[in-house]
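What follows is one structure encoded as C-alpha cells, with my remarks underneath.
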Amino acid sequence: MTQRIERFGEIAEVISLPELTEVQVNSFAQFLQEGKTPDERENAGLQGAFKEVFPIDESDRNRSAGLVLDFLEYKLGEPPYTPEECREKDLTYQAPLYAKLQLIHKDSGLIKEDQVFLGDLPLMTKDGSFVINGADRVVISQIHRSPGVYFTSSYKGIKKFYTAAIIPMPKRGPWIELEFNGPALEMKVNKRKFPVSLLLRVLGFDDSQIKALYAEFDESFELPEDKSSGMNPDEALLRLFTVLRPGDPPKRDKAITYLYSLLADPKRYDLGEPGRFKMNRKLGTTRDDRTLLNFVDGKFQDAGLIDTIRYLLALTYGRQDLTVGADEDGVAQTVPVEEDDIDHLGNRRVRTVGELLADQLRVGMGRMARGVRERMLLGNPDAATPTKLVNNRPIVAALREFFGRSQLSQFKDQTNPLAELRHKRRISALGPGGLTRERAGFDVRDVHRTHYGRVCPIETPEGANIGLISSLASFAKVNDLGFMEAPYRKVVDGHVTAEVQYMTADIEDRFNIAQANTPLNEDGTFATDRVLARRRGDPFLMDPAEVQYMDVSPKQIVSISTSLIPFLEHDDANRALMGSNMQSQAVPLVRAESPAVGTGVEERVVRDSGTSVVSDVKGRVSYVDARAIQVTLTEDRPELALFTGNVRTFDLVRFTRSNQGTNLDQRPIVSVGDEVDVDQVLADGPASELGRLALGQNITIAIMPFDGFNFEDAICISEALVRKDFYTSVHIEKDEIEARDTKLGPEKITRDIPGLSEAALRDLDEDGIVRVGAEVKPGDILVGKTSFKGESEPTPEERLLRSIFGEKAREVKDTSLRVRSGEGGIVVKTVRFRRGDEGVDLKPGVREMVRVYVAQKRRLQVGDKVANRHGNKGVVSKILPPEDMPFLPDGTPVDLVFNPLGVPSRMNLGQILETHLGEVARLTGQKFVTPVFDSATEDAIKEMLQVAAAERIDAHKKSGFETDVREAEVLERAGKLGVIDLPQGDYDNAQIELARTGKSVLYDGRTGEPISGPVVVGTMYVMKLYHMVEDKLHARSTGPYSLITQQPLGGKAQFGGQRFGEMEVWALEAYGAAHTLQEMLTIKSDDIEGRDAAYQSIVKGEEVANSTIPESFKVLVKELHSLGLDVEVLDETDKPVDIFEGMMPKR
C-alpha cells in the first residue's frame, strides 16, 4: 500500500511545521492551567478572572455588614459525557467548575469555608473545538490594536500635529489622548478636554517643574496662563473633577475616589501585561505596574504619563532620540523617537480563545459579585455562608451567551479536513471590541510588510470581509503576550546555524534577514559574494557578514491552505486566493485519491486536523475491523497511564454527518502485525488516502476550445468519470420530529396513521419509525405521527348521544415526518429520545423526539461546480460519452476539457506546469512532491517528458507501429508554426520534441480525425466543490402563501415561487402581453378566489375563468384606511364596489 513519491526542492527543512492547532489548544490549556497546583497557578486565564473579582467587600455608602468573601482555589470536575455522547444527545461537552471560597467576618474574625459550584465550563476537545448543544463549534482568534502608547500625526492645513494615545486592555478603562492646542498640551478623557498642566498639578508639579518639562525641548518656552496657574494639588484635583464630572458637587473625597477609579484602580484601569510591555519598550522605561497613575499615602503619583508627555514633546520638536536615563556606568541611554504605524504587527495583538473566555467569565463574575454584595447588605450576616451568598446564574448566562451568540464563536466548518484546520487557524479583526465591515478602511485590510511569516498575504475571503479575516502563516506562533512571531535561523559571522529563534515584528525590524532560498555552501556559509536580504521590509544586496538571520523555509510566508498549491510562484495572487479558499469547499469523495503533484504538506493537514485516527503510542497492531483498531504497546507511555503489553483501542467513526452534511467515515489502513509509531495514521478519514490529503481526483485533461461546450468557464467532462464514481460523494441529511403535549391532547409517534395504504407504511417498524437501510424518496414517511384535530363544541343532542353510547374515538390527523422535496436516499441511522432517559434534555412540552439520518449518493452532474487548486473554476456544462471525447494517439480518451481562454488573462500558469508534471506522473506511475517556492524547474519537467516520450516511441517501434500519416501532418503544421524544430521527415524526434513542450497530437473522438494543432494534455488535480446543483435546483407548482399579502413565499427552503418583480412586469408591458401579465399578477399570485377557480378549471379541463381582485390591492386599501383616507373602489359606472364582501364597516 505504499506509493512511489519523488521529491523536488533543494532547500532542506530546518524545522518541521509546528502543531497546526496549537494556537487553540495551548491557549485553552493556559486558560485552565490544569495539572498545576493552586500555588503554582499564574495570575492569568481563569485564575486571573477569580483574582480580579475577589475579594468581594460590601462597603457601600457607609452601610456595612462586616463581611468579606475571598477566593482560595478552583477545581474542575470530570465531564459527565464524552464528546461523542454529547454530539449524539445534543449536550454540551463541559465539566463542573468548583471554587473554594471563604467568608470572613471582620468583627469577630470568624471564617467560614465552602466549596461552591459555579456552573459548567465548556471544555475543548483534543482537536481544538467545542461541542455546544451537540454541534461542533470553533472560537476563532481576534486581532486588535495592542494596549500601550501610540504616537500618530495628522495635518491641520499644512501644519503637522502629533497625538499620543494611551490605550488600555479592551473594556478596562478609558482611552486617553494627548495633543497640542496652541502652545499647550491638552488631554482628552471620555470626550472631555483639559490642559495637561492641570493633571500635573494634581501629581504635585508646580509652575517651574511644568515649565522645565517643556524647556528640555524648547528653551524659550513660556507657560501659557490658564485657570489652573498657581493651584496646589487639592485645588487642581477639585478643578479636574468639575471638568470630568460637571454635574457633581466638587468634594475632595469624591474627587479622589473618581480619579482613583478612572486611572489608578487596578480593577478598573488595566494596561495589561502587553500594554505595559509596549509602553516600556516605546518609552525606554522599566515599570511593571499596569495603571497610569498610582495612589500612595493619599497622593497620586505618575506611572508613565510624564514619560509619554516627554516623548510627544521630543516628537513635536523634531528630536531623533530621547534620553531616558543612564546605565550603571553613567552612560546616557536613549530611545529612537518616531511615529507609530498602527497596522504594524508589533502594534496589533491576537486575543486567543483563553483570553476571550477569561474576559467573558470576568463579565459573569462581575455580575455575580454585585449580587453577592446585595445579599451581604440585605441578609443576616451571622447566617451567611459562601454557598448562600453566591448565585452562579450570571456566570452560566455569560458563558452561554459567548458560545451561542458571540461573533467569534462559529459553527465549525467540517466540509473536509482542510476546512476544519483552516477554521481553527483563522484570525478575525471583527467581533466585540473589534472593527466593523463598514468602518474598516483600506489600510487595515491591506497586506503589511510585517505580515511576512506571520499572516498569509494570500488567504482571505473575497467579499466584504477581505483583509479583515486572515489566516495564520504556516510556521507562525502567538506568544504569551498575544503578539505573532515568525521563526528565523541565526547567522553568526556569515555562517548559517541550525539555531532557530522566534521573533515578533518589532524585534525583527532591527535585523538584516536573508531569504530561505539563498544559496549556501555545505558548511553553512553563503555561496555568493553579495546576499539579497531585507531590513524593515526593504530589499538590499549586502555583504554576508552583515546578514544576522535567515528565513527557515520558503513556505513560511503563506498559510497551510496556500502551501498546498503546487507551483504557487507561477500563479497570480488573486487566483491563488480563490484556489486557497476553494480547497476548503471540496467535498470528500467516495474514491479519495491524493494528488499526483503535491507540495508535501498534505500529510500534516491530515494528521493535525483530527479527522483521521492517529496513533499516540508505539506498538504492534493486534486487531483490526471496521469499528476499531487495537495496538499492543511495545514502549511505555506513562503520561497516558499505558505500559508495554497494554492494549490501546482506537474506535472508528462510521457514516456520521458533519456540520455541513458531508460524510465523516474512517477506514483502517493498517493490518494485523504492522509496527506502528507515534503520530502514524492508522485509519483514513474523509478526503484522505494513506494519510495524505485527498480533496479531488487526478484526471487526464486537455486545454482546448471544444465546440462551445467550454465557453465562459463552462467545463465539458467524460461520462467515464461518472460511471467510475470518480466524483461521487455521500451526503447525510438530518431530519427530526417532536411529539408534544398540546392543548388538544398528546401527539403520538405511531405506525397507526389514518388514511394511508400498507404500501406507504411498508418501511416503518411497529413504533412508526423508518427502518435503517430503507430507500426513501420525496414524500415518503420517515416517522409516523398523529395529532388530535381541534373540534367544535358539541350540540346538546350530541352530548346526550355521547353520554348514552360512550365517548366516540376522537379524530386524529396525520402530522408525520416526510422526506422533503429534492431529498431522499438510504436511511443510515435513527435515534429516539424520550423524556426521562438518562442524559436527555428535551425542550419544555416535548414528550419524545426522533431523529433520522438519510444518506444520499451524489454523482457528478451538469450544473455542479468543479475547480483546480489554482483558482480555475467552472460549472459542468456537458457530459459526453468517452468515445466522443478527444483521445490521445494511444487511444486514451481525455476526461475533461478546460477552455484555453481561462488561463492567459488570469495569469495562473501554475496549472500548466502541474499538468505537464502530472503527465509525467501518469506515464511513470509515480507521484511528485514539489514544495511552494522551491518547485521542480521547467527544464527538469521537460527532461522527464522527453525521457518518457522516448521510451514510449521505442516501445511503439518494437511493436511494429509506424507514425500515423495524419499525425505526421499535425507535426508538419507544428513545425511550420515554429512550435517545434522539425528535421525533414524525422517524425520520431519531432514527437520527442513535441513531448518536451508538454503538448500532444489529439484526435477528435466524434470524427476520428486529428485536431489541427498540438494540444496541452496532462494530468491535473480537480476537485468537486460544495456548490452542487442538487441543492439549488427547485420548482413549485402549488405551495404555501404569505399570510398577509397571500402571495407565494420565496426561496427553496420555504418551497416558494419565482419572484416576478417590477422589471419583469416592464418586460411583459413592453411586449404588450396583457393577458399573460394579468395572469401573473392575479391567479398565479394573490387572487384567492381566482386561483381556486383556475385550479378547479384545470382539473376539470375547462377554460380558465377571469380573475377577480387580488389580495394585495385589498391590503393597500386597508392601509390607506388606516391613514384616515376614505378610499372607495368604483366600477365603470361610478358605483361603489364592495371588495371586502360585506366586511366593510357601515358608514
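Every residue gets a Cβ built from N, Cα and C, even glycine.
Noted in TrEMBL for the protein shown:
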type   : residues  : note
DOMAIN : 19-395    : domain 'RNA polymerase beta subunit protrusion'
DOMAIN : 145-319   : domain 'RNA polymerase Rpb2'
DOMAIN : 410-478   : domain 'RNA polymerase Rpb2'
DOMAIN : 488-553   : domain 'DNA-directed RNA polymerase beta subunit external 1'
DOMAIN : 618-1054  : domain 'DNA-directed RNA polymerase subunit 2 hybrid-binding'
DOMAIN : 1056-1131 : domain 'RNA polymerase Rpb2'
Predicted model, mean pLDDT over the domain 'DNA-directed RNA polymerase subunit 2 hybrid-binding' (618-1054): 90
Can you break down the domain 'DNA-directed RNA polymerase beta subunit external 1' (488-553) into helix, strand and coil residue counts using DSSP? 7 helix, 33 strand, 26 coil
DSSP-wise, what's the residue breakdown of the domain 'RNA polymerase Rpb2' (1056-1131) into helix, strand and coil? 48 helix, 2 strand, 26 coil
Count the residues of the domain 'RNA polymerase Rpb2' (410-478) that DSSP assigns to helix (H, G, I), to strand (E, B) and to coil, and report the three numbers in that order. 15 helix, 14 strand, 40 coil
